[in-house]
């Protein structure tokens, strides 16, 4: 009703704002579909009854790592040790470590862990230790009043610290001594020709769980433990984590072939020793269990600060959004902390009246030597094995997308299976969240780019899922798949009102006029809705405010670059890549993170954009306040008040940015080059005419 006429200043800026408002409204409606259908799942009481003990299925556990520098071997083996110590029959557990870095350092760390497990597992079970990651456990304040327990505690801690010292020392040196290499035949796989991107398949069984001699210090059986590094050749596509997972599926089928598979990232240790039994409650349910494809636990982190400075945990996502997906029987697969039914992961379609036999795992070990088993396993981990097959298409994880887990979960849903989302009070898995802003933004850039690729591909849920999954689930998936394009209206909203304010071009109705009420209502109602949702999910007020800041920063940087890169790849000018997020930081960075001080510290183009937008809105806010206080009458500025408010809000969420630009002197502040570039770019933007 109030479109500026042709020739009026700001006509096209106003039209752009209107389009942005419409897109925001549509995206908000999309986000509400999952919120209308929240379901909370609970396994039956007392976990699995003891009468099922003999019927418990075998479990294969996959731990994935890709780089011994960014993902230290000492971290990976803590995850391995935590899953080896589950309260579950050890003869039914097989743990596989996939090392996509092909590093003898990682193999050495796993060899050390295999020796330490003989002491660690019986200690955990004897004293009901939790958590069962040694690093996490020994970081706790433990009551040592019991002399017997204290003696064993100190003994085990010394064994662990000695092992960790040996591993860390080897990683720092970057090589192993001949003495160490003489400890196991597996080291012969590494020679001068082996590199991270060019090596043969390496499979080494470190603990033969089926061997009666494979026991801990108390004489109890140990889980099977296997090291895998699939073949890499420069001329072959390796498909990143999806390729590693598919190699694990095939290799494990040659050794243990368990009907249930748990996969975790190397930084996500098991926090609940009974998590397997909880998950099996769903799979073994007599009425609905046969249709369950996977049980997905949420991603929880152990290093989240009180107010979650980078908004990594997202309580409303875990407690509302994902529970809403579960209401549609459409929980996404998020890549870690997930128990899979092997047959659904391998491409089988669900059909009614299936007969499930949990003890039907093929015993392929009998009659074969360890060397024969390892050689057979190497063949299925070779680059050539997948050629001409359905692996990466109809079998295993789907290739061709940076977020292979999401698209894989979608294909499983469309075959008739139903997943479960289970978010227990006691966290089943705990990992490491990014501790710098750069890490957090790079991670979200990769996620949002991969998600938008799915939307642009044949796997778009509105097309691929049509008639196969519920409409609400299709729309719910789009909430994540459209992260990247929603960056465009956000950028427009952050830039244009500020520029129009500097040129005295109004974009909103008069602040005391009737037509301003809808804008005021939407802003107040949505903010209150978001705040109540956050607080009811367990977040703090400051945590909610930090989320508002990260909401703006992600959309104007990570999501925007993801949109650009996804479009470029869609046009065929580049290929999909994969970035491993660093899991280690120095002590100074960690100290600032714990104090909830945002870490900048480099000249990333993302930081230049953040600073430029902050400076632009600061310039506009300063001009608007100056006019209000010293210049024009209030009536003449009444139309510009909403834009002053918008610039003020953006300036408020950017207070840590101004602090990093002008006041901080630590290594985490904004470099002077970023300050210079942001001022120059913002100053040039101010001179742009408004049409």
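Here the Cβ of each residue, glycine as well, is placed from N, Cα and C on the backbone.
Because TrEMBL annotations are produced automatically, they should be read as predictions rather than curated entries.
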Annotated transmembrane segment segment (source TrEMBL; candidates 600-620, 663-683): 600-620
Other parts of the chain folded back onto the transmembrane segment (12-30), taken as Cβ under 8 Å at six or more residues beyond its ends: 3-4, 475-476, 478-479, 482, 486, 488-490, 492-493, 496-497, 499-500, 505, 507, 526, 690-691
Surrounding residues of the transmembrane segment (640-662) on its own chain - C-beta under 8 Å, 6+ positions past either end: 493-494, 497-498, 500-501, 504, 506-509, 511, 516, 519, 545, 548-549, 552, 597-598, 600, 610-611, 613-615, 617-618, 620-621, 624-625, 627-628, 668-670, 674-675, 678
Nearest of the recorded positions (71, 100, 405) to residue 265 (Mn(2+) binding site) - Cα to Cα: 71
From recorded positions 100, 241, 405, the one whose Cα lies nearest residue 71 (UDP-alpha-D-glucose binding site): 100
Chain-internal residues, separated by at least six, CB under 8 A from residue 405 (active site): 332, 333, 334, 335, 397
Other C-beta atoms that fall within 10 angstroms of the C-beta of residue 241 (Mn(2+) binding site): 23
CB contacts for residue 100 (active site) [other CB atoms within 10 A, all chains]: 24
Alpha-carbon distance [residue 241 (Mn(2+) binding site); residue 100 (active site)] in Å: 8
